[in-house]
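Undergrad: Quick one: the structure is below, and I'll ask about it shortly.
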Amino acid sequence: MAAQSYYNGAYNSPPAYEQHDHTSDQFNRVSPRPSPSPVAYNNAPYYQSDDPHDPNSLRYSQQSIGSDNGAYVAGGRINEHDQYAENIPLKSANPYGNDHPPQPWMQQPTHYAPDPGMMEPQVPMRQKKKGFFQKKIAYVTYILTIAQIIVFIVELVKMGQLTGSPIQTKPQFNPMVGPSAYVQINMGARYTPCMKNVPGVQNATQQVLFPCPNATTTDSDCSLSELCGFDGVPNPHPGGSLDDKPAPDQWFRFIIPMFLHSGFVHIGFNLLVQMTMGADMERMIGWWRYGLVYLSSGIWGFVLGGNYAGQGEASCGCSGALFGILALFVLDLLYGWNDRQNPWVELIIMVLGIAVSFVLGLLPGLDNFSHLGGFTMGLALGLCVMRSPNALRERIGLARSPYVAMSGGVAAENADPDQNKTSTGSNIGGLGKFNPKGFFAGRKPLWWAWWLVRLGALVAVLIGFILLIVNFYKYPSSNCSWCYRFSCLPVNGWCDQGNLFSR
């Protein structure tokens, strides 16, 4: 009965859709037709509608990343109080700001950066200077150049006062276009009779006279002391011997001639090389290395010339010192041979320059022995004071920072000042902080082998210098009877100018 009354009750058939009250059901309400977006999505990809029924609203959007080529909008819940809003963040809008997005991983470079320790140190950029001070000032080069110019002006003035002309024209013309050799001797050129007893002077059987500094003829009217100048030297007397005491002892003629020059051609060529190649080398290796090689090469050259050149030949000029600097350029080329773009071209240019200089050394007033001696000393000292070859530094794991350790070089001026503050050791003569224990610790066998080469070069030049000095003062004349021809041309009697006695 109950079941029959239920199925046969007032509701014999279910109510129609139209008979249902839709206003009271908040979950089954028919949503109004969504209104179109005010702008197309393709034209405004970041447009966000406030209407939740907008198909472009973020409430109903999960755009396909793979199919959408446009910019991605910010997904996720916009209204935190809307329980039906999606909260799945896909991608933030414009994550790179104004920068470009990174390349795909397949297009990114795969090579690794080189080891910083094996690279040349980066020189920090400084504010560029204009004019004469654009580069680092080569103080030693400029001081030497100024001194040599002043001395040459004094030579010309003295020559003009003594002879009436600053340039020698009588009894013969000076091919270097400058003062006579007698004025140069009087001002300190290397002249063997003013430095020691020589055959044909101290052991002469009759009085020996020399040309005067003001001579314009071939006459000899002055004594040796008047020609040598300064405080004078003991004059030889007839019937003397090579053992006479006191003997001439103007040893400073091994040093002073570096500041004297025999003419405009001589000083012009030397200063051109000195102000270009010399200044560049000083900037590269530092003032104290440059000054050491310059002075040592010049002195060594005059010592060698005093032993083997003609004893009656006067010699002056800084050519020997410049040949020592040229030797440093040769070493620098050989050290970095594989790093040079055209090493053979540079070597050929250097060889040609050396050959031309030796040809000029055959002219009066110049000395090829000074050139040879200066070049030899430059090579030996270069091995001692310059950096190691690049190939050796790479094998023993040293960075290519040549001249920072003891300052004064091209890398030292750009060195980090904080690094100098933190280094330990003693500051010797302002040359930089040096820590012997840390310097020699952990060195490899190749490093020690190269330092043995350096030590051998230093010992060799010291022994050679001592032997040449002893030989110069021990033996009155050279044991090589033909060596003097290496420094003169047998024309116009040039080789006879050095003859004080018959050979």
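The backbone N, Cα and C atoms fix where each Cβ goes, and this holds for glycine too.
Feature list, courtesy of Swiss-Prot:
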type     : residues : note
ACT_SITE : Ser319   : active site, nucleophile
ACT_SITE : His371   : active site
REGION   : 1-66     : region 'Disordered'
TOPO_DOM : 1-136    : topological domain 'Cytoplasmic'
TOPO_DOM : 158-253  : topological domain 'Extracellular'
TOPO_DOM : 275-283  : topological domain 'Cytoplasmic'
TOPO_DOM : 305-316  : topological domain 'Extracellular'
TOPO_DOM : 338-342  : topological domain 'Cytoplasmic'
TOPO_DOM : 387-449  : topological domain 'Cytoplasmic'
TOPO_DOM : 471-503  : topological domain 'Extracellular'
TRANSMEM : 137-157  : transmembrane segment
TRANSMEM : 254-274  : transmembrane segment
TRANSMEM : 284-304  : transmembrane segment
TRANSMEM : 317-337  : transmembrane segment
TRANSMEM : 343-363  : transmembrane segment
TRANSMEM : 366-386  : transmembrane segment
TRANSMEM : 450-470  : transmembrane segment
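Map these features onto the structure and tell me what's around them.
TA: Note: Ser319 (active site, nucleophile) has non-local neighbours Asn270, Gly301, Ser357, Gly361, Leu366, Asp367, Ser370, His371, Gly374, i.e. same-chain residues 6+ apart with C-beta under 8 A of its own C-beta. According to its DSSP assignment, Ser319 (active site, nucleophile) is helical.
In the three-state DSSP assignment, the secondary structure recorded for His371 (active site) is helix. A sphere of 10 angstroms centred on the C-beta of His371 (active site) encloses 28 other C-beta atoms.
Looking at the topological domain 'Cytoplasmic' (1-136) alone, the prediction's average pLDDT is 55.
Long-range contacts of the topological domain 'Extracellular' (305-316) within the same chain: residues 181, 184-185, 188-193, 195, 198, 254, 257-258, 260-262, 365-367, 369-370, 373, 468, 471-472, 477-478, 480, 483-484, 486-488, 495, 497-500, each at least 6 residues beyond the stretch ends and with a Cβ under 8 Å from a Cβ of the stretch.
Panel annotation: around the topological domain 'Cytoplasmic' (338-342), residues 390-391 of the same chain, lying at least six beyond its termini, place a Cβ under 8 Å from a Cβ of the stretch.
Helix, strand and coil residue tallies for the topological domain 'Extracellular' (471-503), in that order: 13 helix, 0 strand, 20 coil [DSSP].
Using a Cβ-Cβ cut-off under 8 Å and counting only residues 6 or more beyond its ends in the same chain, the transmembrane segment (137-157) has close neighbours at 166-167, 178-179, 183-184, 187, 258-261, 267, 270-271, 274-275, 278-280, 282-283, 287, 290-291, 294, 318.
Outside the transmembrane segment (317-337) by six or more residues, the chain places 144, 148, 257-262, 266-267, 270, 273-274, 277-278, 281, 284-285, 290, 293-298, 300-302, 305, 343, 346-347, 350, 353-354, 357, 361, 365-367, 370-379, 381-383, 386-390 with a CB less than 8 A from a CB of the stretch.
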Undergrad: Would you mind listing the long-range same-chain contacts of the transmembrane segment (450-470), meaning Cβ under 8 Å and 6+ residues beyond its ends?
TA: 296, 300, 303-304, 307, 376-377, 379-381, 383-384, 388, 392
Undergrad: Report, as numbers and ranges, which residues of the same chain sit near the topological domain 'Extracellular' (471-503): CB under 8 Å and 6 or more residues beyond its ends.
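TA: Apart from its flanks, the topological domain 'Extracellular' (471-503) reaches 172, 181, 193, 195-201, 242, 303, 305-313, 361-364, 366-369.
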Undergrad: Hey, which bits of the same chain come close to the topological domain 'Cytoplasmic' (275-283), Cβ under 8 Å, at least six residues off its ends?
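TA: Cβ under 8 Å, 6 or more out: 135-136, 138-142, 145, 290, 294, 322, 325-326, 328-329, 410.
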